[in-house]
């Protein structure tokens with residue numbers, strides 16, 4: 001933003017406040033990296049805690065540089081012109097780009113999507129594979145998805161009257177990360193000992209610290225208040241009302257999802273399950289990202305309750321298919337992300353949608369009489385983005401597997417990745 005040109009004017013003050021809002025939201029979104037780091041460290045066994053932290057550092061450091069150099073330009077280059085609807089073609093290395101607060105916010109989103117993948121692949125992949133998928137995701141896969149959905153001239157955004165709507169990234173951030181993680185964990189195979197070799201039944205491989213895991217989840221929840229409210233890109237011109245609604249509905253969705261899971265598991269087994277409840281909470285946050293600004297609080301409660309069963313169903317399906325996802329990242333981010341994106345076409349109200357789009361619209365949620373158009377567009381967008389991610393990830397991880405760069409040797413897996421690749425264990429025990 002060129003503040004010097006607006007200095008001393010009402011527009012200058014408004015622009016400065018809006019950019020400060022976006023920057024503060026960016027700090028919260030970036031703090032989610034600490035949450036994911038703790039979440040992943042807590043769910044793995046102690047012998048792999050240091051390596052999973054190292055992978056989080058790689059995700060952030062390498063991914064950030066690639067997004068600055070290439071990714072942002074591919075995602076948002078020439079976004080203000082009627083140019084290429086498939087890929088951006090300018091602003092690489094931020095050359096001649098002025099709106100740096102927007103770049104910072106989008107960088108934090110990209111970093112979040114990348115870190116989702118490492119949880120799915122935990123405890124059995126080479127550090128090299130983490131480096132490779134981080135480069136490809138930040139420089140190519142994520143940026144094109146973002147361009148199609150979020151760029152002003154992205155082709156999915158231009159379909160129909162409203163275009164696809166993904167307010168804070170259920171599709172662009174979470175479905176992308178969840179899809180790539182699912183492909184990776186399927187191709188790498190389950191951890192040694194996760195399923196019985198004869199019966200195929202799952203065997204528990206509990207993480208070493210439920211305390212760290214839960215702490216990470218609450219840090220992520222805290223960061224989501226920047227993730228969702230910051231997507232207004234300012235508080236002027238009605239932005240504060242949208243942000244307030246987003247914060248409230250997000251909270252209701254997350255809490256309803258968590259509470260439903262708590263009660264459902266208690267009724268079924270007679271006990272509470274901390275991990276499933278925390279995961280359901282995270283699933284609620286993921287579901288809220290697409291729809292939080294477009295719905296009324298009562299609808300948020302319904303969406304949250306349904307999210308619980310979406311998560312539990314997807315988690316159960318992964319086990320049935322013998323897909324070993326240590327963090328249930330695919331169930332949380334892909335499954336709940338799909339539900340959140342579809343909720344836009346079901347529960348968005350005409351008033352809220354018009355406020356967010358800054359134009360009057362007669363296309364809104366099906367349950368409010370807005371017809372099938374928005375739901376159809378949401379479904380199309382989900383299918384397209386998933387197909388893109390599955391295609392790219394399948395090629396990427398197949399190549400890594402062919403050259404023996406995907407999975408570590410069984411002896412090293414049993415010993416723990418920390419000793420082999422991270423310079424020793426995370427915890428030093430006194431003799």
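Note: Cβ is positioned from N, Cα and C throughout, glycine not excepted.
Features reported for this protein in Swiss-Prot:
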type	residues	note
TOPO_DOM	1-19	topological domain 'Extracellular'
TOPO_DOM	41-56	topological domain 'Cytoplasmic'
TOPO_DOM	78-101	topological domain 'Extracellular'
TOPO_DOM	123-129	topological domain 'Cytoplasmic'
TOPO_DOM	151-162	topological domain 'Extracellular'
TOPO_DOM	184-206	topological domain 'Cytoplasmic'
TOPO_DOM	228-246	topological domain 'Extracellular'
TOPO_DOM	268-276	topological domain 'Cytoplasmic'
TOPO_DOM	296-300	topological domain 'Extracellular'
TOPO_DOM	320-326	topological domain 'Cytoplasmic'
TOPO_DOM	348-378	topological domain 'Extracellular'
TOPO_DOM	400-431	topological domain 'Cytoplasmic'
TRANSMEM	20-40	transmembrane segment
TRANSMEM	57-77	transmembrane segment
TRANSMEM	102-122	transmembrane segment
TRANSMEM	130-150	transmembrane segment
TRANSMEM	163-183	transmembrane segment
TRANSMEM	207-227	transmembrane segment
TRANSMEM	247-267	transmembrane segment
TRANSMEM	277-295	transmembrane segment
TRANSMEM	301-319	transmembrane segment
TRANSMEM	327-347	transmembrane segment
TRANSMEM	379-399	transmembrane segment
So which residues does the transmembrane segment (207-227) touch in its own chain, when a touch means Cβ under 8 Å and the partner is 6 or more beyond its ends?
24-32, 34-46, 49, 109, 112, 168-169, 247, 250, 254, 274-275, 278, 281-282, 285, 288-289, 326
According to DSSP, how is the topological domain 'Cytoplasmic' (184-206) divided among helix, strand and coil residues?
5 helix, 2 strand, 16 coil
In the same chain, which residue numbers or ranges, 6 or more beyond the ends of the topological domain 'Extracellular' (348-378), come under 8 angstroms Cβ to Cβ?
156, 159-165, 167, 237-238, 241-242, 245, 291, 293-296, 341-342
Other than its close neighbours in sequence, what residues sit by the transmembrane segment (102-122), given a CB gap under 8 Å and a spacing of at least six beyond its ends?
22-23, 25-26, 29-30, 32-33, 36-37, 39-40, 43-44, 48, 52, 55-56, 59-60, 63-64, 67-68, 71-72, 75-76, 94, 129-130, 133-134, 137-138, 142-143, 146, 169, 172-174, 176-178, 180-182, 184-185, 188, 227, 230, 233, 325-327, 329-330, 333
Which stretch, 20-40, 130-150, 163-183, 327-347, 379-399, tops the Cβ pairs under 8 Å count with the transmembrane segment (57-77)?
130-150
Stretch-level contact, the transmembrane segment (163-183) and the transmembrane segment (379-399), CB cutoff 8 A, at least 3 pairs:
yes
Would you mind listing the long-range same-chain contacts of the topological domain 'Cytoplasmic' (268-276), meaning Cβ under 8 Å and 6+ residues beyond its ends?
43, 210, 213-214, 261-262, 312, 315
